[in-house]
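Enquirer: In case it helps, TrEMBL gives these features for our protein:
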type: ACT_SITE; residues: C30; note: active site, nucleophile
type: ACT_SITE; residues: C33; note: active site, nucleophile
type: DISULFID; residues: C30-C33; note: disulfide bond
type: DOMAIN; residues: 1-105; note: domain 'Thioredoxin'
type: SITE; residues: D24; note: site 'Deprotonates C-terminal active site Cys'
type: SITE; residues: G31; note: site 'Contributes to redox potential value'
type: SITE; residues: P32; note: site 'Contributes to redox potential value'
Amino acid sequence: MAKIINSREFMEKVENTKGVVMVDFFADWCGPCKMLAPIFEDLSNEFNDKAKLFKLNVDESGEIAEKYGVFSIPTMIIFKNGKAVENLTGFMPKENITNKLKAHL
């Protein structure tokens, strides 16, 4: 299950982490975010041993969203060794997200 992290946890769990991390920037009121949620959970389970997947609520952690240029949600950012390497904006099929994530493993 993808853990929801806050601004305090972001540096430790994303920016200071070796390997691949994907963060789903979402909001509770966002319809496409709700559609993406079960897909993101599936990916979290499937990639459990290869990548870490987290969720970040933009309403509660707006400064992190702003830092990474997240102005539309849902946005997923793939980080590798603490650096943002790819942004995926908007709802997309699971297969597309899977392929993007696999490309960075």
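Backbone N, Cα and C atoms are what each Cβ position is placed from, and that goes for glycine too.
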Enquirer: Return the residue, from the listed active-site residues C30, C33, with the maximum count of other C-beta atoms within 10 angstroms of its C-beta.
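Expert: Sorting the candidates by Cβ neighbours within 10 Å, the top entry is C33.
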Enquirer: Over the domain 'Thioredoxin' (1-105), what is the model's average pLDDT?
Expert: 96
Enquirer: What does DSSP give as the helix, strand and coil breakdown of the domain 'Thioredoxin' (1-105)?
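Expert: Per-class counts: 40 helix, 29 strand, 36 coil.
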Enquirer: Rank the recorded sites D24, G31 by how many other Cβ atoms lie within 10 Å of each Cβ and give me the one with the fewest.
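Expert: Candidates: the recorded sites D24, G31. Fewest Cβ atoms within 10 Å: G31.
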